[in-house]
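> Take this structure, written in structure tokens, and hold onto it; I'll ask about it next.
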Amino acid sequence: MAINSKTELPEDRLNFEALKSHHKSKAIASISKQQNPFDLLRILYEGAVSGAAAGVVVEAALYPIDTIKTRLQAVRGGGQIILKGLYSGLAGNLVGVLPASAIFIGVYEPAKRKLLDSFPENLSALAHLTAGAIGGAASSIVRVPTEVVKQRMQTGQFSSAPDAVRLIVAKEGFRGLYAGYDSFLLRDLPFDAIQFCLYEQLRMGYKLAAKRDLKDSENAMIGAFAGAITGAITTPLDVIKTRLMVQGSAKQYEGILHCVKTIAREEGASTLFKGIGPRVLWIGIGGSIFFGVLERTKKLVAAKQPVD
């Protein structure tokens, strides 16, 4: 039997349908990868609200431990620390922590989403590292002045945040509020990058193993582990940052390298790990509270958003 050139064979029909289905699925995948600007704004909003809530809860709950850590690091030689006024500067600090945490998570979440879409799946850790550093850099504009005022008050230099700001600017200029900015970035960019990368990677692995969404207690446990490990690793950077921030107009240290050399020469290299106990305790518990509150708040905020 002769076959007309226009006659369609069964296998031709199957191949055509398969090809059409393949192109359709590629088109859908391409469209889904194109983030709607409103989606990014929604992610930013949810992140900002969640970050602000988590940051304020952690700071208020663990402020005394942070004060002890700061005083341990600031005292030179074998000086004794004072255990009074452990909540000194809390109110003023919360005023800065709220926007700083909102900016951090508000920038981190959309940056993470964009980077995960751009990077291959096996480079997800790099996406989390980069997003953490970007969030840290963005929030440093608010975090550094907040940290300077907080630590000056924790070491008894000022009695109130408004007085601290006024006198720092009067004696050291506006730049005084950004004292130790380089050392802050040296400490916090690696800290933010490592902590969030550890948290996200551990969380991903746990979810794959458990084959379900994680409970709040599990998020908190992973956050505690990530925070404690990162806190221990970055303690020397924290000591340098504290010394540079609290020195004021005395200018005992001329910069990061001079600070390291002076501490090592006059007090011994072990001083760079001063306050590691309170720091690991503070950041471990803080990581547990922060990530637990963060994930819970993200769910609550997302649940109130209108469904498309």
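Here the Cβ of each residue, glycine as well, is placed from N, Cα and C on the backbone.
As the structure is a computational prediction, the values presented were derived from the model and not from experiment.
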> From 125-144, 165-184, which range did TrEMBL mark with transmembrane segment?
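Within the set 125-144, 165-184, TrEMBL attaches transmembrane segment to 125-144.
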> Within the same chain, where does the transmembrane segment (86-105) have neighbours whose Cβ lies under 8 angstroms from its own Cβ atoms, ignoring anything closer than 6 residues to its ends? I mean 6 or more beyond.
47-52, 54-56, 59-60, 63-64, 67-68, 135-136, 138-139, 141-143, 145-146, 149-150, 152-154, 156, 158-162, 164, 192, 294
> Against which stretches of its own chain does the transmembrane segment (125-144) lie, if we need a Cβ under 8 Å and a gap of at least six residues from its ends?
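For the transmembrane segment (125-144), the far contacts come to 96, 99-101, 103-105, 107-108, 111-112, 115-116, 118-119, 177-178, 180-181, 184-185, 188-197, 200-201.
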